[in-house]
Amino acid sequence: GRSLSPCQSDASRRHCRIDKEKSGFISLVSRYLSGNEEQIEWGKIHTPTDEVVVPYDTLAAPPEDLAATKALLDKLAVLKLNGGLGTTMGCTGPKSVIEVRNGFTFLDLIVVQIEVGSLNKKYGSNVPLLLMNSFNTHDDTLKIVEKYANSNIQIHTFNQSQYPRVVADEFLPWPSKGKTDKDGWYPPGHGDIFPSLMNSGKLDLLLSQGKEYVFIANSDNLGAIVDMKILNHLIHKQNEYCMEVTPKTLADVKGGTLISYEGRVQLLEIAQVPDAHVNEFKSIEKFKIFNTNNLWVSLKAIKRLVEADALKMEIIPNPKEVEGVKVLQLETAAGAAIRFFDHAIGMNVPRSRFLPVKATSDLQLVQSDLYTLVDGFVTRNAARTNPSNPSIELGPEFKKVGCFLGRFKSIPSIVELDSLKVSGDVWFGSGIVLKGKVTITAKPGVKLEIPDGKVIENKVSFQDAC
């Protein structure tokens with residue numbers, strides 16, 4: 001019989017993974033130290049054509065037929081990046097377990113979408129969900145996914161790599177200097193998804209199940225739902241990689257954009273832009289689109305490129321100070337891998353596919369009458385005529401989810417709101433309506449309570465509940 005490869009048993013598979021992580025880390029560090037990062041030559045940058053960044057509205061309609069749709073879905077796996085903690089919003093544990101609306105967490109919505117909303121129940125398909133955790137979220141996530149054990153969806157969890165933080169002034173791994181707890185380590189960014197998929201054994205598992213594409217998205221992007229038009233297009237055109245981009249607004253000027261460079265499509269991030277061109281990069285005229293981090297990637301191509309060690313994405317040095325020690329985290333981004341794949345494209349999608357919840361101000365949008373929730377899908381209210389969402393700025397009193405929820409008896413109506421700025425100790429009653437441009441400021445030391453049912457339109461300062 002065939003002898004087992006050295007990575008077959010669980011224990012040896014774990015050793016193999018650790019060996020691969022070690023060599024991955026060493027290669028990242030040596031690439032960083034060699035200083036051979038290519039500099040972008042500004043004159044060689046071209047705006048991509050519609051062949052390279054395909055307008056979503058030019059896509060062919062997907063098949064109507066149930067069997068044909070099922071055949072497409074059977075080639076798909078969905079992967080959510082689940083490594084982030086909810087700390088910036090004052091929550092412990094994975095960010096994906098923050099309640100978004102009607103008692104549903106990000107993870108609940110993702111499971112309901114795949115299971116009920118559109119896919120597995122409707123078409124009898126078997127679209128699996130993968131969660132890429134970091135060592136910060138892994139244990140909690142394992143407990144949380146138990147509640148979906150009886151649902152009609154296969155959930156696979158795996159860990160991304162765990163690299164040692166590097167002590168900046170000596171350039172030595174912090175754990176080797178006696179820092180043995182969790183703080184000595186870091187997850188090296190989502191560019192690590194490709195080797196981690198491979199090292200965890202999940203990539204080969206998906207290929208053995210006949211899967212061809214993985215749809216990757218951040219777990220906090222409520223707009224990142226499976227789209228049959230995109231899947232159908234990629235399978236027919238055999239594009240190995242597709243990055244969803246969407247038109248920039250003034251709020252997105254720092255987002256990475258796609259360019260044509262020396263005959264290939266590639267991601268240009270603000271960190272790579274020479275100082276003299278930063279304002280040009282931020283302009284909406286020349287660089288009109290930005291990366292949503294919704295990515296569709298061929299599984300076979302990932303396998304080929306990881307095995308060839310060909311994914312040499314730009315290194316993002318992330319300096320931090322932990323317990324008074326200056327450390328460096330070397331990271332990479334999944335979007336930067338686009339230039340290594342064949343027939344890679346961007347897809348210029350509607351803004352509705354990008355609805356990230358990064359702060360409580362985003363939660364206010366999503367929990368308001370601006371959106372409805374049906375079958376796990378968060379859909380924008382057609383009554384709002386303005387295509388862009390209101391801008392909301394909440395003071396530090398609202399930063400933590402618990403405090404934010406406590407300060408609203410109910411979330412105000414904001415369908416006709418353009419902008420809201422709240423500062424100071426402000427408390428909202430129920431049934432409040434906000435319209436136009438509203439600024440609400442409580443004087444220092446004053447608790448400002450806005451009464452139930454109040455309609456506030458184009459008010460600049462609302463110091464007392466007049």
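Quick reminder: no glycine exception, Cβ is built from N, Cα and C everywhere.
Neighbour count (other Cβ atoms within 10 Å of the Cβ, all protein chains): 22 for ASP220 (UTP binding site). Sequence annotations record features per position, and here TrEMBL assigns UTP binding site to LYS95, GLN160, GLY189, ASP220, LYS358.
Annotated substrate binding site per TrEMBL: HIS190, in sequence order. Using a 10 Å radius centred on the Cβ of HIS190 (substrate binding site) and all shown protein chains, the other Cβ atoms total 24.
Residues LYS95, GLN160, GLY189, ASP220, LYS358 are recorded as binding UTP; their most distant pair of Cα atoms lies 21 Å apart. Put plainly, the binding-site residues LYS95, LYS358 were compared by Cβ crowding within 10 Å, and the winner is LYS95.
Its own atom aside, the Cβ of GLY189 (UTP binding site) has 23 Cβ atoms within 10 angstroms in the protein chains shown. Per Cα geometry, GLN160 is the residue among the binding-site residues LYS95, GLN160, ASP220, LYS358 nearest to HIS190 (substrate binding site).
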